[in-house]
Amino acid sequence: MKSSAVWMCFCIFLLLLAPNTGSELEAQPEWVDCIQASEMCNQNPHCSSRYRVMRQCLVGKEKETMLDNNKECQAALEVLLVSPLYDCRCKRGMKKELQCLQNYWTIHMGLNEDMEDLSPYEPIAPNRQPDEFGLAAISSGTTPTEKNCNPCLVATKACNLNGICKRQRSTYITTCSKLDTNKGESCNRKRCHKALRAFLDRVPPELSHGLLFCPCQTEGCAERRRQTIVPECSYIDKEKPNCLELRTTCRQDYLCRYRLADYMNNCGKTPHTMGTCPNKDNHQACLASFVRLIGTEMTPNYVDSSSTNWTISPWCTCKGSGNQEEECLNFLRHFTNNTCLRYSIQAFGYGMYNSQIKNVTVPTPSSMSKTSEEWSVIIPKVTFLLV
């Protein structure tokens with residue numbers, strides 16, 4: 001039994017190192033990014049002048065009054081609605097992401113739209129069929145388990161064999177563990193968040209997601225997973241703010257505001273949502289949006305090292321919410337009781353440790369004494385219980 005577990009860990013290790021050559025669908029660019037849209041507008045004197053006017057309309061505390069009652073602001077908005085800026089989007093991890101978000105904000109703030117419901121980012125094309133993850137088996141809990149393998153340790157080893165992953169991981173761990181002598185604090189939280197964002201933006205998802213979402217069956221594995229983002233610096237604070245206050249703080253920052261909106265758009269279920277996730281069960285989009293909250297004021301994490309009943313939450317509470325308690329709890333449930341997020345995390349682990357394994361060509365333990373020509377065999381389908 002132990003030898004088979006070691007062998008399975010070896011197979012998983014090979015999978016994490018292998019390039020993803022499956023049936024991914026390359027997302028076709030359907031949008032002009034807002035940096036390019038702004039440049040296109042600036043090449044047109046009429047559009048450029050109106051764009052400058054709109055920016056002025058959004059400055060100061062009286063911006064809502066200006067947008068509603070100022071004819072010049074309204075005229076500027078009418079011109080911009082037929083410009084490339086109206087349909088522009090931002091690319092995740094782009095170099096000038098903040099500038100792109102500000103350009104997007106200029107248009108949509110002018111429309112007085114509910115920004116919580118809008119994602120400024122390009123949509124992510126799903127690269128798997130919904131049932132390819134075996135979600136039915138996951139939800140029923142009927143799949144066998146292999147407790148002698150630590151998937152998080154395997155994911156760490158795979159990261160260390162990738163130059164970019166190893167370097168970026170080392171950078172954020174060092175940054176998040178370094179004492180901030182200027183403030184007398186255990187670390188510099190802002191620098192830690194920035195290093196985490198760089199890691200998640202630059203490292204291939206199959207490696208970074210492997211560290212964040214490894215399917216654990218033991219508390220030791222689950223604790224390693226919880227410690228991935230160095231929570232003592234990036235997550236835990238001296239006091240827990242109210243979740244609505246944390247949301248307000250997040251919305252005051254362009255990056256956090258739009259990443260939260262992207263998460264709500266891709267992971268938030270409504271009574272009209274069909275399946276487990278929005279956008280035709282796009283679990284990949286949900287995971288990508290969730291991961292990009294890490295390194296913002298709304299950084300989420302596992303609340304404990306439970307491997308059987310894990311919960312994810314931002315560092316906040318709904319205690320003391322008064323008559324806003326229901327609103328606060330509803331917001332918090334987008335993390336703690338989110339069916340789409342839970343299925344997406346389980347689907348990633350199940351897909352990595354099951355769906356891909358059945359198609360990988362590697363030697364089995366029984367074939368170790370065979371010649372190299374005989375080593376190419378198909379590993380049988382192996383399933384893991386993800387709860």
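Note that Cβ sites are derived from N, Cα and C of the backbone, with glycine treated the same way.
The signal peptide annotation in TrEMBL covers 1-23.
Positions annotated as domain 'GDNF/GAS1' by TrEMBL: 34-112 (among others). Summarised as a single figure, the pLDDT of the domain 'GDNF/GAS1' (34-112) averages 78.
Note on the domain 'GDNF/GAS1' (152-233): DSSP counts are 60 helix, 2 strand, 20 coil. Positions annotated as domain 'GDNF/GAS1' by TrEMBL: 152-233 (among others).
Among the features that TrEMBL reports, domain 'GDNF/GAS1' is placed at 243-340 (among others).
According to DSSP, the domain 'GDNF/GAS1' (34-112) comprises 53 helix, 2 strand, 24 coil. Here the domain 'GDNF/GAS1' (243-340) is broken down by DSSP into helix, strand and coil counts: 53 helix, 7 strand, 38 coil.
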